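Q: First, the structure itself, so that you have it in front of you.
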Number of protein chains: 2
Amino acid sequence: MTTPTQHRLCMIPGPVEFDADVLSAMATPATSHVDPLFIEKFGSAIELLRKVFFAPTGQPFVVAGSGTLTWDATAANLIENGDNVLVINTGIFGDWFAECIGVYGGVVDAVRAPFGSRPSLAQIEAALTSKHYKLVTVTHVDTSSGVLNNIEDICALVKRVSPNTLIALDGVCSVGAEVIKQEEWGIDVVMTGSQKALGVPPGLAVMVVSKRALEVALNRKSPPTTYFASFKKWLPIMQKYEARQASYFATPPVQLILALQVSLEQLVAAQGSLEHRFAQHRVASAKVKDTLESWGLKIVPVNRACAANTLTAVYYPAGVAPAEFLGKVGSRGVVLAGGLHPEHATKYFRIGHMNVSVVNDSLVKHLDTTLNAIKAALQECGHKI
Amino acid sequence: MTTPTQHRLCMIPGPVEFDADVLSAMATPATSHVDPLFIEKFGSAIELLRKVFFAPTGQPFVVAGSGTLTWDATAANLIENGDNVLVINTGIFGDWFAECIGVYGGVVDAVRAPFGSRPSLAQIEAALTSKHYKLVTVTHVDTSSGVLNNIEDICALVKRVSPNTLIALDGVCSVGAEVIKQEEWGIDVVMTGSQKALGVPPGLAVMVVSKRALEVALNRKSPPTTYFASFKKWLPIMQKYEARQASYFATPPVQLILALQVSLEQLVAAQGSLEHRFAQHRVASAKVKDTLESWGLKIVPVNRACAANTLTAVYYPAGVAPAEFLGKVGSRGVVLAGGLHPEHATKYFRIGHMNVSVVNDSLVKHLDTTLNAIKAALQECGHKI
């Protein structure tokens, strides 16, 4: 739990602070990708992903890349030229996912909402009943706006009005911290990157795919329009490693996968359960948001029901200049993120609160350190608290 | 230079053994991808790649992925539907690269040679003059066969008979160890992964693209058929980081890029020059091959001129069983690789000799340790030496 001198707390919405054992695994000496030690750990990571995603019959894929690569994988494997796709858009990541789907031949419609809010179920139902969509995509937590979608309700709606439509969830800033019951809710693809609530340095594209979606991918009319992200290529590799056998398609990122395995074990084992971990993130998020509001700040999401528990996007108070404020927080040893949505970027900043900074809060005090740095910086910038 | 107890030397053709400073960088605490510290190191890595690739005006790309992703990037950015591509094939990696090109619409012809040898310049010239190819691809070192291609001669031939044809070099098992003068020889794309002679754990796709190829990619008729590996998306990111400015398309693998920067500095600075490093790999390769031949073993490449300096593929002597032999070497603390070419896999094994195992050989004695383990295992398997 020690933080080296000079290290500034990385309290952005990913990369997050890492556990010492996870970081140690990153420095594992050279290990063959077909070494029995690595095969065992990779197989274990695949099994653990099913638990973390609540997808007992899902197929995990772990590939060198970033969360963005999981968009390519979803689109290139599930979409054929001219397929209709509905994107439930809550910010810039919805725009970009839509663009990615277009690259792979998908014809995209979007339901949108003003910045800081999410489309209503009625809007989504109207879209779903207007034409048949092969795939609906939804961003669980839009990292640009801090808006949380109501995934359980959206899934129930899709199942009711368009049961054949596949559901793809961008869980990049949610998996491991926000509640996701992939199989119970009927989500076909859940995607994430390693550097958010999974608590592993960036460099892994992680996804779990339902049996139904895998069948669509394996029985498509045209071949998949990707080589590196092809489910057909990676499926036998994942199956072999899970069966504790060597296999090869492209060299897996050994050290990152060893770090992932360490972190996943912590997720399922530490302090009781994943449910407990989700609750801890709700508590931490409320603490950050309550504190900021008590200082007169306004969060970006229009209400708490649509506010993510993994980050807080919050408007600068009047008179506080972004660069000056973020610099003052930084000089107190805490790194925050500026705004990301192009139209609103200069109006708000973002605080990530995930993984060790939340679940070990009583030990590491990352949240108090962060809030204290923000308070002092606000005051120095002339905001009265 | 210490090796932890229990660690077995990883003497396969990648991942290779890593320098202690490179491994330390892998365990860097959480750092924002827009932190000034990281921006400086990423910018430096981009500059250093130009030196290592001998491409002063080339455009480096560093993306989370593996060497395989560089095939997708090359094909998806440079090839449009129906474009003719010539693959100079020296083994399984040529077959796979050809398959990848086909995914992106390329129409592939191949020139081939028997296992252990390489196509002649006359074969290549005949193919190049039979029709116009937009792109010719060549594997510098085919990791499956240990065969080295004569890149300088092939490039001169292409420039003479088909100067408009783009040249793409799969340098996965060569960049940083075999001589490549990208710009002098006129190579348009040089690709590699991090875990070979660059001496960094696996997880990075690394490539340098010529101005000519970049223009082809940016001015293509149809949009690039990839999102994650799009040159159009990554070019402004690479330019910004090199100008020491923050930018975002997908989260870069911070720790791997920090490790890359450390290793690239060693490549260009340590012990004088890259030329010296290339010479060291030739000496190490000759030592391994001479020793094995002195024990009555036969290397896979049909002669030394077409044998890679980064690995040695060598046939098992009569009566030596693969699993027993590799197990005995492993029990002596050295990990080797079996054969990879599907038709010949059980007949030969492979020894990687790259990066620290070569350039620090006088200190770390990886080559002697490996050769001693092989000798003892061969003798125990009944081979007379």
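Here the Cβ of each residue, glycine as well, is placed from N, Cα and C on the backbone.
Marked as substrate binding site by TrEMBL: B:ARG350. Residues or ranges marked as domain 'Aminotransferase class V' in TrEMBL: B:31-342. Taken from TrEMBL, the feature N6-(pyridoxal phosphate)lysine applies to B:LYS196.
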Q: Could you state the whole-number distance in Å separating the C-alpha atoms of B:LYS196 (N6-(pyridoxal phosphate)lysine) and B:ARG350 (substrate binding site)?
A: 14
Q: Can you count the other CB atoms that lie within 10 A of the CB of the residue listed as 'N6-(pyridoxal phosphate)lysine'?
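A: Around the residue listed as 'N6-(pyridoxal phosphate)lysine', other Cβ atoms within 10 Å: 30.
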Q: List the same-chain residues at least 6 positions away in sequence whose Cβ sits under 8 Å from the Cβ of the residue listed as 'substrate binding site', in sequence order, or say none.
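A: Result: B:ILE12, B:PRO13, B:THR143, B:GLY146, B:LEU311, B:THR312, B:ALA313, B:VAL314, B:LEU336, B:ALA337, B:GLY338, B:GLY339, B:LEU340.
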Q: Would you identify the secondary structure of B:ARG350 (substrate binding site) according to DSSP, in three states?
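A: Once the DSSP labels are grouped into three classes, B:ARG350 (substrate binding site) ends up as strand.
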